Structures are given as structure tokens and as C-alpha cells.
Amino acid sequence: ALRLANGRSRCEGRVELEKQGLWGTVCDDGWDIPDADVVCRQLQCGHAVRVHGNSAFGRGHGPILRDELECHGHERNLWECPATPEHDCSHKEDAGVVCSEHQEWRLSGGRDGCAGRVEVFFRGTWSTVCDSTWYHLESVVLCHSLGCGSPLRKLSFGHTLPGKMLYQCRSLQPSLAFCQWIFNKSAPCYQSWAVGVVCNGMGS
């Protein structure tokens with residue numbers, strides 16, 4: 001079993017493995033893209049776009065289960081990769097990854113980070129979001145996940161970025177990644193506007 005902890009979606013975070021019912025972490029010594037690729041593929045999260053060491057996603061708990069990993073990148077899971085049996089690590093060296101299927105968001109063009117056009121970073125590029133299924137709940141989820149409080153109003157913009165994302169939330173979720181989404185399907189986004197949101201909080 002494998003999971004990513006403390007990320008903004010299930011496809012980013014601290015790498016955690018399960019062994020005999022105990023969850024543990026991976027040391028960042030030798031942690032690189034081929035190692036992280038194996039994790040991303042195993043979780044059906046695409047490929048690795050960034051690797052992080054030094055407990056970038058917080059310090060884990062439990063045993064440190066892998067150190068000096070030497071994956072080639074094609075292995076089916078992390079246990080198949082060569083690693084040293086003994087480690088000299090602490091949890092301040094926990095390894096993390098951002099996979100290509102991870103999503104992050106920003107509000108751009110406003111006076112601060114809490115107002116503007118909704119843009120999503122996904123598969124290595126920034127894209128706009130279609131307003132076709134964007135209602136109040138989607139705005140609530142976004143403002144909250146950005147630390148921007150609650151939504152005040154919805155805005156409309158043209159689509160000028162390469163991709164188009166569509167979200168549909170059925171309930172309050174920690175982020176839009178946990179709602180239903182489809183990427184670059186023309187039909188539901190046909191003649192749509194790019195959505196924008198004004199939240200009541202203050203951004204950085």
C-alpha cells in the first residue's frame with residue numbers, strides 16, 4: 001500500500017508506505033524523478049513533475065522504510081526498487097512528490113490572490129475553467145481551499161490559456177480535485193466563459 005500525505009490533492013504529498021500494518025516514510029537520500037515516477041504511476045497520478053526532500057510536506061511518523069532508493073522508473077512499485085536496508089535518516093528528511101495529475105489553483109488578475117480569473121495548474125500547464133457547471137458550491141470550495149474565506153461573486157472572462165477544465169461539486173470538498181472534473185472535452189465547455197471568483201478574504 002502507498003499514499004501521499006499532506007498535499008492539496010491525492011497526487012501530491014509526503015510519500016508513505018505500509019508494511020505489516022504500519023505506515024512509514026521514505027528518506028530523501030538519493031530521492032529523484034525516476035523514484036518518484038514509480039510512486040506517481042502506482043497511484044495512477046501520471047508522472048513526477050517535482051520531487052521534494054527535507055520534509056517539504058511536514059514530518060511523517062512511524063518507521064523510515066526506504067533509503068537510497070535507486071529506481072529506474074519502470075518498476076511496478078517502490079518495493080521492487082533497490083534500496084539500502086539500513087538508514088541513517090530522521091523524519092526531517094521525509095521525501096515528497098508532485099505528480100502530473102495533481103491540481104493547484106490561483107485567482108489571477110485581481111488586486112490580491114483572493115479575486116480574479118480561476119486558473120488551474122494541471123499536467124504541467126496553467127488552464128482556465130469553464131463556467132458551464134460552476135455554481136455557488138464550486139466557489140465555496142475554491143475560496144476555502146485558497147484560504148480566502150467565502151465567495152462574494154462570480155465573474156466571467158474569455159478563455160486565453162491552452163486548456164479548459166470543468167468542475168462539478170456535489171458536496172463540500174477540501175479542494176476542487178475531489179469534485180468531478182473533466183479536462184479538455186469540448187462539448188460541455190462549448191461557448192462557455194472562463195469563470196472568475198471574488199472571495200471575501202485577503203490574499204497575500
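Cβ coordinates are placed from backbone N, Cα and C, and glycine is handled just like the others.
Here C71 (disulfide bond) comes close to P34, D35, D37, V38, L78, E80, C81, P82: these same-chain residues lie at least six apart in sequence, with C-beta atoms under 8 angstroms from its C-beta. The disulfide bond annotation in TrEMBL covers C71-C81 (among others).
Just so you know, the Cβ of C169 (disulfide bond) picks up 22 other Cβ atoms within 10 Å once every protein chain is counted. As annotated by TrEMBL, disulfide bond applies to C169-C179 (among others).
DSSP states for the domain 'SRCR' (2-100), grouped as helix (H, G, I), strand (E, B) and coil, give 16 helix, 31 strand, 52 coil. Taken from TrEMBL, the feature domain 'SRCR' applies to 2-100 (among others).
Under the heading domain 'SRCR', TrEMBL lists 105-200 (among others). Sorting the domain 'SRCR' (105-200) by DSSP state (H, G, I as helix; E, B as strand; all else coil) yields 17 helix, 41 strand, 38 coil.
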Item to check | Mean predicted confidence [pLDDT] for the domain 'SRCR' (105-200) | outcome: 94
Item to check | Chain-internal residues, separated by at least six, CB under 8 A from C179 (disulfide bond) | outcome: E138, V141, Y167, Q168, C169, R170, Q173
